[in-house]
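Below is one structure, written out as structure tokens; the observations come after it.
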Amino acid sequence: MPLDVVTNASLAPASEALSQTLEYIVDVLVASNDVLIEKESFKVLTTYLERIVPVMKELSRKEISNSQSLQATIEIVNREVSNAKRLTRECSKRSKVYLLMNCRKIVKSLENSIREISRGLSLLPLASLDLSSNISEDIRILCDNMEKAELRAASAEEEILEKIESGIQERTVDRSYANNLLVCIAEAVGVSTEKTSLRREFDEFKSEIENAQLRKDQAEAIQMEQIIALLERADAASSPKERERKYFTKRKSLGTQPLEPLQSFYCPITRDVMVDPVETSSGHTFERSAIEKWFAEGNNMCPLTMTPIDSSILRPNKTLRQSIEEWKDRNNMITIASIKKKLESEDEEEVFRWLEQLRDLCEQRDVHREWVIMEDYIPILIELLRSKGRDKRDIKSHVLIILCLVARDTDHAKERIASVENAIEVIVGSLGRREMKLAVRLLLELSKNSLVRDCLGKVQGCILLLVTMSRGDDIQAAKDAEELLDILSFSDENVVQMAKANYFKYFLQRLSSGPEDVKMTIATALAKMELTDHNKASLYEGGVLVPLLHLIKDVDIQMKEVAVKALYTLSTLPKNGLQMIVDGAVGPLLDILFNHSSSSLSLRDTVAATIMQLAMSTLSQESGQTQSLLLESEDIFKLFSLTIFSGPNIQECILRTFHALCQSPCGTNVRTKLRQCSVIQALVQLCELDRLNVRANAVKLLYFLVDESDEAIIAEHVGERCVETLLNIIRTSNDIEEVASAVGIIAKLPEEYQFTEWLQDKGAFTVILNLLLIPRQNNSQNSKLVENAVGAIYRFTVSTNQEMQKRAAKEGLIPLLVQLLNFGTSLTKRRASLCLAQFSCSSSQLSRTIPKRRGFLCFSSPMEFCCSVHGGICSVESSFCLIEANAVEPLVGVLDEADLEACEASLDALLTLIEGQKLQSGSKVLVEANVIPPMIKFLVSSSSSLQEKSLEALERIFRLPELKQRYGPLAQMPLVDLTQRGSSRMKSLAARILAHLNVLPDQSSYF
């Protein structure tokens, strides 16, 4: 406010002067809202001014004469309010940095104004003004509060000012100190820490010097120059080009040879150049640590003059220290410039020595690192890193350390490294070598720059190497690799690359909590990934199921599709599939499959394939495990019904689903439910389709269901057309499992005349026999095919149809069956034995009587040999004789099988040799083949039918005295055991045999 305005207030009426005061106060209250600094201090001022307003209004309403004391109050208040108004305007318009540098002055000015206003108010003649007691009391309290008011700059501002003062005094602060200081200033004044913003604020602050010079405020101008000199060391204060220009200007002025230190630079005690010189009371300067040690040893004399000195007085010799620093900078600048050429030497030891020196310089000060950048060392260092050879490992390690030191200071340094051709690729390549620990530390430093970070994940092998390192034995390297992976996780593409390297942390985070478009990206990537079993297990253990189940409930069809595809991929690992069933994945999938209207065909195809994979996973369950129930009872028919109304892909998947479930530990229940749903008729129809995949899986499932089905149901639904279809499949299909299933169905058909006639008419015997004649590799599918083929051919060997037997024998079936006794599975051996037993039952009837010889013996044809069992002329094709077929020995071999049913079938075949009148001759064959001991062993078998057949056979065999004598003692103990623990029939048989053996009386009726 102009001085005459304040002075004229004393000449105007009191009420008019008070009104002016109120206007000034209102102006301050409004202007204080726009101040840029010390808002809290201004708030204290405005709070007091707001409390003054009612007092001024009360005084203006009174008709008060212009007393001397009132005039003094008005003059003081108006003057200080005017000062406050000027200050608020300055604090709203001046440079923010300038205001921060002067925050103490601003706070002090505000504090003085508050106290002066308090003094002015205290001059009011309250007793003579006829004011209410409340107003008078308010004025007294207000004066007291304002008198005691103390304002301070904010702690952050004070801290910044202290750092500035310290930096100015030290004179040796480095660039990082200036960078940090400038950032602190920006944060304190509310400015962005981005470089351009910092540069703009710094330039505005520099322009304030001109204002100070115009005001002829020399002290402020000097102080600002010092602050500017300090802050100019910050990166944002000048561009790299400006700093480079200043550097080369200075470096060229220095010459090329380092200077020797001045004598005054040496400490008289250590004889070394001083780092922290201090002056003693004697006026001599020493290294601080050296003189302190001198005093600590009890010396109180000057080391040079040996005169007494005060050990408590050690003054920093800042001038000398500055000179030493300038001398060091000059020599270091020359040294750094000279090393560059020497790094191109072919002598690796020399290169290593110079790198060590360069590393030491870089470790000393950040300005040295800046000089290294300006001297364009980075391309040379990258080239050294690129070079090959085991002898260069130490060189490369030093290069990586230097690059890391250089990179850590500024974004400009990081960008200079990245700008060298293939520099990032070369550094990444070091991740796979011995120096990987240093390489990852350098990459971690470089990744703090956004430009480098953007390209780092795109370097081939980078993420894979980092993931590998993160799981390595070196704790620090692993920690750095994990930190770098965390930085690179900003990019969805990088996250997918990490997942492909089996690092799923960020992948799962995105899938669980990312935006919808990111979830889509991640789920799509997961659906397309070629995952190993380990990958699939890791993903599932990481919790991938929950977000995927959430996504398949999304209204967006495309989102559902990629989520289901991902589930399909995961379900191909049986371990995952079983856990997905337990964790409730089946329900949502079935909902999609059953809901035709809200899902696309491709989606339903994928869902069906996923359910199929889950079903197949149940095959990996062990019998002792808790069974994972894929389908509830009500879902079985609902799911199977889709085979009628759906396309071929879904049909195939559903059929394969049930095919797998029928083989799982809970297969019995599934097969029962399917039979209850009358699916056999539907499967028969599907078997007749031209769609090969659907047909094949229908045949495979039908095979499982007819196995235990009622013959009446089979006869009802399997007709001549179906039989023809099955034979056609056997003839034409290349799917071994389909052929085996088709043959298996034929083997399970009821042994009714109608079915046999259909099979004969359609050439089934030849078709099935051909399957046995083809040489096959020994694997589970081929074994199943042979087992079922032998089972199907059984109906052509029954003894009630000798004509059919003859046709089979003529086709060479019997030798083939004998061969299978040696090489087939247990089931094949059992079925082959049953077929041979049927053939053998007809041998006695078909054995041809030996014709009597007539005429002279010398002119008669040679006599034909008589069968030792059947007493006539036997052959394989005419009488199906087991002796002629050399089947006895292979049948005896089957008796050693662990499969008791196979043993029983083999025994049935062998016992046909002692039927009827053939006891004597047949027993002789059995003895020669050593069949009797196995039969005795079967007496203690767990199979009651095998026990009973063995008993019946032994009862007849032991009627022959020589056999009773030879084998009786061996059978006695098992027989006695049977009389005590067997069934009533077996007890009776055992007692009868024991009677033959003279162990029990013949007339005993106990048993």
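Quick reminder: no glycine exception, Cβ is built from N, Cα and C everywhere.
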Given 139-166, 391-418, 727-754, which one carries TrEMBL's coiled coil label?
139-166
Among 55-82, 195-222, indicate the range for which TrEMBL gives the feature coiled coil.
195-222
Near the coiled coil (139-166), which same-chain residues lie under 8 Å Cβ to Cβ, leaving out any that are not at least 6 residues past its ends?
37-38, 40-41, 44, 48, 51-52, 55, 100-101, 103-104, 107-108, 110-111, 114-115, 117-119, 121-122, 124, 126, 131, 173, 177, 181, 184-185, 187-188, 227, 230
Arithmetic mean of per-residue pLDDT over the domain 'U-box' (260-334):
92
